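K.L.:
This is the structure I want to talk about, given as structure tokens.
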């Protein structure tokens, strides 16, 4: 006899192996060597979680009870894989482009990222999956019990429950360890996928081994086996066509809709092309899985006592024949089927519960402001996911305890399937029909859930458990047409067909009608376009460079939302901040964030985020779609704000015009003032010249006066010439046409030269040199620099009106360069004039006696700017003070 | 003693030129260079005629003209305005403010002399 303890040791060793495999896979993936993890075969094997303990043990039981009907459970997925793989391809593509994390996320995303829809689908999934998890716990527990029985130690109910809870805890630990390691947007779990693939191989080989043993070991060969099947009553049973079609539909739909299937098919998919391999390999796997189901059932019925549970033939047949090794292997197969399903289902559900129920509630609870800032969100999500895993397994255990573990496995499976497929109309509608709306989806789902609950789920728990036998027979409160298994008086149908027919009919009808009657939100429309036209869009999107958006595209979109003027000003301001001219800034993260804030003011944060996200992530939406949405949003805005917007637009236009006008006026006034100034400066000396020349011509005057008047004419002619020279000089400098003659020299010498050239006598102005000995080498246009110095010296001589005028010229090293300060001991320049003195024709004293035209400092400023230095007024020095900053000595350093 | 002409002008060479021309013709020429104190000068020693420059330090010729016309004592004084800016805008303003005549620099000596004669010897 087989030792039960040995079985426990083998099971534990097997679990340990799975941990190891998962751990290695995670390690390899983390090291980037995940090529082999992404092979199409691994993908195909992971899909085999479709085959749960229900398939492993239950299919034989199903065959023993209903003959060939069990095949329908394999035919559905085969049809999907062979005939409808394009639906899968579409789902996978959408899942990748939209970073879908679960089926709830798919539905929620499709219908405008609706939180409510995500919750509805999650709740449905939890309700539909919990019995299924319970079923797996039950099957593992029962299989343990079989060995305990055969060991001679018959189990009490307490032993069974203890086993179930340990199995549940073990699964929770495994799932938490490998299911919440990372929070990748893609939610892929290499370790778990590999473990599931290993388990897929184990369960297939185990079932094949039992089958081979049965056919060749017990029946005596294939032909004898066939004869035995022919003879058994299983092959003669009449098959109900309606039930077959319903079951095929059900299993096909469940294959697409079950949360765990969505997890492995879409979320864990590494490469769309893996579907090609899976489309033939997975049907082969299913065929292999189903190959020996009937033989095992037939032989089991034949060899085992009447009382034996056909659901456990896979185990009990080898045991009864003394094939302990084979029995243990078979046990591991069943164990694998159960655990892989529970692990993946739990991950899928935990992701959904965490993302669509826990986190939204946490976010809206308000106690998260600090966390939102500090990045604790991640921690919260991990914790919520771990708690969800534990919670879901606890629910499964609870259901197992409540249901008493008595119901036939296959029946629970079918009810569970039919609950999960309530998502089908909304899912297919969502990915093929642009017209589907959030309202329609929500009402369809809820209706389907209610009808399913009433007609299938509640009755399945058992008579008098929730619904009394009276309600089942006569309807609630005696309302006959509401009888759970004969809605609207339609009797005589198989309860499963009945329930599926009505739930799917009401579900689809509500979904369709309410979608037609309601209008999608802009974001729904946007998402709808992406989901339905996912291939068109992802092909188009390749014209965008990855991860960047075209500034022009963003501008076009923003104009639709904000209006041209405002959008342009936002873009222009951003461009200016980046030091660019025009309206197209670089698309930096800062700018995108800023734009998103601008847009969310108009269309709401979610929409703005979606729109920007689509453009900046360069993913899969066409500009046309965005513009359609933008137009729509703009229309809505316009509708409510039309008058306001119009007056605001007019106000903006008027302001722009006023500004332009003011600018033009200012320019024109400046031009007038300039011409007027020049006129004055030219006419004044001309007046003297003309006047005195006439005097000299007309009048007999003494030689002394004659000489004096001729001198005036001469001086005024020189003044005029100098003025014209200055004007020309300034004009050349301002236009940047000046030619600089770079020379090397010494600052000290240049200052001496300027003092000499200024022609200022010591009596007029005492010049004091400070730090003259600290010489600075120069390499610049020395003549131009001297011109500036001369100007400053003559200005001091002209305007410093104290008894003993002094000018201190000091050289200092400041900030890596040198400055020359010219400070006199006069009255200085009044604060109000300081800002003006470098402008043309500005004279501090208004005294034309000094002979300046007010161009000197303007020229100095232009010269210094051409030389790469500067000149500023230095306030607070007592007298007038000018600081000349010498050009930076790069030229010198370069030599 | 000839009739008194007050020349309000800040350009020394022009002061000298006009003084020379008018003195030679027998007029007594007083000069004043500052716009701000010009009205005080007029009130202290009322002339028979004023020659007034527009661009003056402290206060513009137009402001002085406005004051002259506002004061009943000086309101009737003949005023000849001189400007180097040569804009019709200035001419219009001078007329509106009540200048008797307006001349743009550079002027010819005879033009000034003839005008002063016409005003004072009529």
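Cβ coordinates are placed from backbone N, Cα and C, and glycine is handled just like the others.
Annotated transmembrane segment per TrEMBL: A:6-25, A:45-64, A:70-88, A:160-180, A:192-216, A:244-265, A:277-300, A:383-400, A:407-433, A:439-458, A:465-484, A:496-519 (among others), in sequence order. Among the features that TrEMBL reports, coiled coil is placed at A:640-677. TrEMBL lists A:677-890 with the feature domain 'Histidine kinase'.
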K.L.:
Run the contact check on the transmembrane segment (A:160-180) against the transmembrane segment (A:277-300): 3 or more C-beta pairs under 8 Å, excluding pairs closer than 6 in sequence.
P.N.:
no
K.L.:
May I ask whether the transmembrane segment (A:496-519) has at least three C-beta pairs under 8 Å with the transmembrane segment (A:277-300), counting pairs 6 or more apart in sequence?
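P.N.:
Contact between the transmembrane segment (A:496-519) and the transmembrane segment (A:277-300): absent, because fewer than 3 Cβ pairs are under 8 Å.
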K.L.:
Using a Cβ-Cβ cut-off of under 8 Å, list the residues of the same chain that are 6+ residues beyond the ends of the transmembrane segment (A:439-458) and lie near it.
P.N.:
107, 110-111, 114, 116-117, 120-121, 124, 127, 415, 418-419, 422-423, 425-426, 429-430, 466-467, 484-485, 487, 495-496, 498-500, 502-504, 506-508, 510-518
K.L.:
Where else in the chain does the transmembrane segment (A:383-400) make close Cβ contacts, counting only residues six or more beyond its ends and a cut-off under 8 Å?
P.N.:
126, 129-131, 133-134, 136-138, 141, 164-165, 168-169, 171-172, 175-176, 179-180, 342, 345-347, 349-351, 353-354, 358-359, 362
K.L.:
I'm a bit unsure how to read this: which one of A:45-64, A:244-265, A:407-433, A:496-519 has the highest number of Cβ pairs shorter than 8 Å with the transmembrane segment (A:192-216)?
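P.N.:
When the Cβ pairs under 8 Å are tallied, A:45-64 comes out ahead.
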K.L.:
Below 8 Å between Cβ atoms, which of the listed ranges A:45-64, A:70-88, A:244-265, A:496-519 makes the most pairs with the transmembrane segment (A:407-433)?
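P.N.:
When the Cβ pairs under 8 Å are tallied, A:244-265 comes out ahead.
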K.L.:
What is the pLDDT of the domain 'Histidine kinase' (A:677-890) when averaged and given as a whole number?
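P.N.:
Looking only at the domain 'Histidine kinase' (A:677-890), pLDDT averages out to 83.
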K.L.:
What residues elsewhere in the chain lie close to the transmembrane segment (A:45-64), defined as a C-beta under 8 angstroms and at least 6 residues from its ends?
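P.N.:
Distant contacts of the transmembrane segment (A:45-64): 70, 73, 77, 132, 135-136, 139-140, 143, 193, 196-197, 200-201, 203-204, 206-207, 234, 255, 258, 260-261, 264-265, 268, 278, 282, 285-286, 289-290, 293-294, 296-297, 300-301, 309-315, 333-334, 337-338, 340-341, 344, 408-410, 413.
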